[in-house]
Amino acid sequence: MKRVFSLLEKSWLGAPIQFAWQKSSGNYLAVTGADYIVKIFDRHGQKRSEISLPGNCVTMDWDKDGDILAVIAEKSSCIYLWDANTNKTSQLDNGMRDQMSFLLWSKIGSFLAVGTIKGNLLIYNHQTSRKIPVLGKHTKKITCGCWNSENLLALGGEDKMITVSNQEGDTIRQTPVKSEPSDIKFSMSKTDERISSAENTISAVVGKKMLFLFHLNEPDNPVDLEFQQAYGNIVCYSWYGDGYIMIGFSRGTFLAISTHFPEVGQEIFKARDHKDNLTSVALSQTLNKAATCGDNCIKIHDLTELRDMYAIINLDDENKGLGTLSWTDDGQLLALSTQRGSLHVFLTKLPILGDACHTRIAYLTSLLEVTVANLIEGEPPITVSVDVEPTFVAVGLYHLAVGMNNRAWFYVLGENVVKKLKDVEYLGTVASICLHSDYAAALFEGKIQLHLIENEMLDAQEERETRLFPAVDDKCRILCHALTSDFLIYGTDTGIIHYFFIEDWQFVNDYRHPVGVKKLFPDPNGTRLVFIDEKSDGFVYCPVNDATYEIPDFSPTIKGVLWENWPMDKGVFIAYDDDKVYTYAFHKDTIQGSKVILAGSTKLPFSHKPLLLYNGELTCQTQSGKINSIYLSTHSFLGSMKDTEPTDLRQMLTQTLLLKRFSDAWDICKMLNDRTSWSELAKACLHHMEVEFAIRVSRTMGDVGTVMSLEQIKGIEDYNLLAGHLAMFTNDFNLAQDLYLASNCPVAALEMRRDLQHWDSALQLAKRLAPDQIPFISKEYAIQLEFTGDYVNALAHYEKGITGDNKEHDEVCLAGVAQMSIRMGDIRRGANQALKHPSRVLKRDCGAILENMKQFSEAAQLYEKGQYYDRAASVYIRCKNWAKVGELLPHVSSPKIHLQYAKAKEADGRYKEAVVAYENAKQWNSVIRIYLDHLNNPEKAVSIVRETQSLDGAKMVARFFLQLGDYGSAIQFLVLSKCNNEAFTLAQQHNKMEIYADIIGAEDTTNEDYQSIALYFEGEKRHFQAGKFFLLCGQYSRALKHFLKCPSSEDNVAIEMAIETVGQAKDELLTNQLIDHLMGESDGMPKDAKYLFRLYMALKQYREAARTAIIIAREEQSAGNYRNAHDVLFSMYAELKAQKIKIPSEMATNLMILHSYILVKIHVKSGDHMKGARMLIRVANNISKFPSHIVPILTSTVIECHRAGLKNSAFSFAAMLMRPEYRNKIDAKYKKKIEAMVRRPDTSETEEATTPCPFCQFLLPECELLCPGCKNNIPYCIATGRHMLKDDWTMCPHCGFPALYSEFKILLNSESTCPMCSERLNSSQLKKITDCSQYLRTEME
């Protein structure tokens, strides 16, 4: 809010002053103080006149048009009238001797009401000079009053009475009030649901505390509104809106109340605007603003939303308090008086005047100030003081023009200075002016004057200095105009847009529109313009091709248009009205031709006028004389997109595509990174014929097909042909056809329609473009018609398609003719055509058509001719032509046809033929039935049942054997047919339960069946069979009971079954029962320990099984069964390892010694005496574990050591044999030799080779298994018995025991099994293990 001026005259100081704005125009301000003078100032603070009075001014008022100011003064009976038009003062005698106290002009007409201190009234008609004195209107001083729009006058006086009079002075209403009234006003109040435009409600402040409401039509129901005492006195109030009242209270409260029924007096807004006091409230309906003053400040509220504070003006220098506020009618100026006698005038609303030239703008910043700025290019703003308050502003490249009425002042724009050039007077009131670099064009009264701005600038011919448009003989009226760098363009009421080329000084173009052109807006280059016609429709006009394009969704309220000044967005423009900005884009090159699209709209803030559009930023001028930039919602993508949601990004993508901003769209697509967005961008590129960019997008998408297609067409120069291809790519085929036909390659339209299979269109095009293609198109069209069921037209097109010189094509057409002839009922023609045709498929298809038409004979003939024997036989069957069926049967593969034929032959009693046919049809039940019932061949029937597992067939065979009395076979086939109950009953009746039990035990049978058999055997006291079937049905207790009752002849098998039973039952009671039995607790006869071992294994009690296994092995070893002992220990070792249970060291040691013994035989047999000797030494060192073979083992040890050269070892064991307990048991064959060794000892011995420990690399003898270095037990090789080596490691793939890779391979050359697990093995199955660390880790654990 800018202060325009302040008035502070010495004569006013110390006392409050009165002032009054001129109504309507607000050009004058009348002010008076205590100096007996009314001074009249203009709106810029310059004194224009004054009225001298005989005493202090009582009151003053302007008439409704602002032409006459009426003033009354103390000590005078005259009314002073100042004429604003003539600047003259006249006096009017009131004709009454009373001192005047009140004066007011009417709202309608020129009536002046004057009241006196004695209550008399004078109504003066200024137009007719008629005076109407009314005596005694009030009994005391008239203090206030108000006119309404129907010329009713309401008056209030000190007599506590309100009267309502007409313009003749007649009283039509009067009402008493409780206290002295003040501030009377008329308004339209809504006290009920009636809507009336008449001002029929009177309001007044009564006693400064109460608001009185009085309805003229309901005089008996006045309303008194009282307020809180804390608010203080009512200072002033105003009606606003739809029946609302705004009230200011002396203690600073600002209130809004409603007068709507039934909420009369309800507070709808309250604010403590001022802390200490409030002195005035003023309302501007034009601005929709309310102002309050107090506490040295003015606060301005927006009436739309009272909570919004529009502005605050502080007056720190006013320390005596503020006075009265008042707006001009147009809301431009707000005046404030103060208690010390000063007056301040503020600019609250400027006329929104501005102009732009490229990126330079000029706009009004004060009543007498224009600012020129170029924010885009960073030029500092220049302020220009002007001589008059302008009504138009124009800016050019080098000049500024301002003016009013018929005069314009021109200024030259320098770098940082503005120089006044000249002023020009035109022949009429100027509506608008436009500037060129050299010329100005002023529009006034339907004419344009084009003239040089600076005459000395150009050495122009005289006729080029100025020119008036239109010519004298042209009767049109110019409504709008514009100047570009080259042209003067103007539009007329007859609808013609003229282009005047300034350089050649002549017209170069005109366009005729059906109705008048009222506004036009060229783009910065002048190559396009938007114009608005008298119907308020908008169009884009291109003078280059003289074409116009209607602007879609063009609002009739549009005030103006701005083109985008950003050089990269040439086709974008906005149209604006008071509320919205609509963004449009003119797309010159699209596959649909040039067109205008609406890109979106943006809300325009209140009282903003757009001046300049640059890259989506709209610079607007405001009422306050400032500029404000808003960003179009259609250009939201220009902001930061860092944390934008995908939904918003997709919306931005749509905006960029509408505005053809493909680079921005590319960036958004990269952020979205989804195929849909890239596809939208690619489609838009095709639409705008941006082929290179479309290729780039398609390549990014990986759309190889599109890239290849676009690469092929990108070099096409024919616009229509290229557009046609692109339209086709976007599936707009009708448009593509039109474009192709308009191009220099119209046959492309035919090719497209053929590719799309639009045969009807293709035929029409072929007649004109390629008649030789008609037969080929006819054939394709016929195929499509046939598919849709239009056989008549299909036949016609097939016939048209026959060329006579293209065999393959003609065959297709003839096939079509054959099929369509049959479908049309011409069977003979169609069938003959099909029979003559070489195609098998045609014969099949025609046969199918004939079969559907119930023409079986012809159908079968065609099928047979086409070698479709199954179909032919099927149709012959429908004809009952069995002879033909028989002929075709060897060629028929369909079981269904064989079945039909078989049934027919069976009915005829020809069973051998029938059975063959049934076999071909895979109908095994029927085959079995015929073999049993008719051909008496049960062997064949049984064979088929066993082969096919047919349940029904098995039943039939069972019945057959039952009739023969062969119950065993009958039971077998009953079980096979799942008839277990019948089989059981039959077995029971004929004492064949063993057979039934054997059969049922091999089948997947239910527990009930097993239980039935078990119960039967239980009754028969056949314990083993009873136990077996109780086990199968899960009754473990009963099964165990029967197994333990078995006689001794079945003892071994029964105990095995008992162990299996307990293993499955996992019942501790049953386990203990069986253990007692095995230990001999029940019968005093302990059973073999192997059964206990098997029991523990079945129960998965591996530790107990291991202890038992050691005992068994020991017994076997003692008995000399070393292989058995080895196998028992090995199996237990493997089971414990599988269960990840630690191997007992005793078991591992025993297994190692037994295995060493087994290796002796292998190595001795192969002649490797050293390996045999080493293993025998290990065995002999543990000879106590071989008690039954001590002497033979020691003898073998002596012999093998001797053979291997281990003389000292041979001597040691020979000496052992010489002990008395062994000496006599030595085999006579070796006795002398051994005695000789002892008598003549040879202690020489080959030293045993040393190899590294796999754990610590300590060198120790190769047969030593305990490392002295790391104290670890080293794994031994199952092929040699030596300790393992890290770099020569393998293992048996079956048992997982380690072996030396090189030695195991040598062993397997002579042996075919693993020496440990006895599984078959060959050397190719061995794999050398390079990293044996995991095996060593297992050994350590």
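Using the three backbone atoms N, Cα and C, a Cβ is placed for every residue, glycine included.
What Swiss-Prot annotates here:
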- 11-51: repeat 'WD 1' (REPEAT)
- 52-92: repeat 'WD 2' (REPEAT)
- 95-134: repeat 'WD 3' (REPEAT)
- 137-175: repeat 'WD 4' (REPEAT)
- 273-311: repeat 'WD 5' (REPEAT)
- 317-356: repeat 'WD 6' (REPEAT)
- 736-769: repeat 'TPR 1' (REPEAT)
- 775-808: repeat 'TPR 2' (REPEAT)
- 840-873: repeat 'TPR 3' (REPEAT)
- 895-928: repeat 'TPR 4' (REPEAT)
- 951-984: repeat 'TPR 5' (REPEAT)
- 1020-1053: repeat 'TPR 6' (REPEAT)
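Using a cut-off of 8 Å between Cβ atoms, the repeat 'WD 5' (273-311) and the repeat 'WD 4' (137-175) share fewer than three residue pairs, counting only pairs 6 or more apart in sequence. Non-local neighbours of the repeat 'WD 3' (95-134) in the same chain are 58-64, 68, 70-72, 74-77, 79, 81, 140-151, 153, 155, 157, 159, 165, 167-169; each lies 6+ residues outside the stretch with a CB under 8 Å from one of its CB atoms.
Per DSSP, the repeat 'WD 1' (11-51) is made up of 2 helix, 20 strand, 19 coil.
Long-range Cβ contacts of the repeat 'TPR 2' (775-808) within its own chain (Cβ-Cβ under 8 Å, at least 6 residues beyond either end) map to 754, 757, 759-760, 762-763, 766, 814, 816-817, 819-821, 823-824. For the repeat 'TPR 1' (736-769), the DSSP-based tally of helix, strand and coil residues reads 28 helix, 0 strand, 6 coil. Across the repeat 'WD 4' (137-175), DSSP classifies residues as 0 helix, 21 strand, 18 coil.
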